[in-house]
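Novice: Pulled these from TrEMBL:
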TRANSMEM  7-28  transmembrane segment
TRANSMEM  34-53  transmembrane segment
TRANSMEM  97-113  transmembrane segment
TRANSMEM  143-161  transmembrane segment
TRANSMEM  167-188  transmembrane segment
Amino acid sequence: KYENPWTIPNILSLARIGLAPVLGYLIVEENFNIALGVFALAGITDLLDGFIARNWASQKSALGSALDPLADKILISVLYVSLSCASLIPVPLTTLIILRDIVLIAAVFYVRYKTLSPPRTLGRYFNPCYATAQLKPTFISKMNTAVQLILVAASLAAPVFDYVDSIYLQTLWCITAFTTAASAYSYYRYGRKTVQKLKFAHFPQNWTVRFYLESRC
């Protein structure tokens, strides 16, 4: 399936990816007030791209179904690493989130390879105009993304409003660890159902691909 990759939602997702290193730098430099503002801007791009894709059919794309969650993963990964460097989020929690996301992203590349019809050249593989699969989220993955972002917002605000050692923040660490693990299991259990083949796409019957299928996680 050939599609135009330059839709407004896809551009907004790319903008969110571009904001990730900016946020990371601000957090490491402990400019938390500015970081909160930039984080709010990134959140607005996330809301907008989803709203536009849902309400305008011409702006919806198979690429966007992968690019939107990929942008979320990159942003979340950078935020958690930088917040751990600033001693605002525990390192074990960040490690759990990063490892899970690495596995899921690797699975998306695997699915892309398997659903791409021959000849499987690098040019065709990385050409965003040719879509081979539509990715859909599981419910728990949506919840997990929301919880992870809530923890980021709370952690960014903690030094600004002076509640770094709050028991509520520590409770949120535990909730985030639970939803992250539950989301990983949901892709292991139901991952195959999150992929919808597009016309002429070939999808492998090997059950092991279930573990790693992505959407908005």
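Glycine too: its Cβ is placed from the backbone N, Cα and C atoms.
Given the structure is predicted, the values throughout are model-derived calculations rather than measurements.
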Novice: Among 7-28, 34-53, 143-161, 167-188, which stretch has the most Cβ pairs under 8 Å to the transmembrane segment (97-113)?
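Specialist: Stretch with the highest Cβ contact count: 167-188.
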Novice: For the transmembrane segment (7-28), could you work out the same-chain residues 6 or more beyond its ends whose Cβ comes under 8 Å from its Cβ atoms?
Specialist: 34-35, 38-39, 41-42, 45-46, 48-50, 52-53, 58-61, 63-64, 67-68, 70-72, 74-75, 77-79, 81-83, 85-86, 156
Novice: List, by number or range, the same-chain residues at least 6 past the transmembrane segment (143-161) whose CB is under 8 A from its CB atoms?
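Specialist: Beyond its ends, the transmembrane segment (143-161) has Cβ neighbours at 27, 30, 32-33, 35-36, 39, 43, 69, 72, 76, 79-80, 83, 88-89, 97, 169, 172-173, 175-176, 179-180, 182-183, 216-217.
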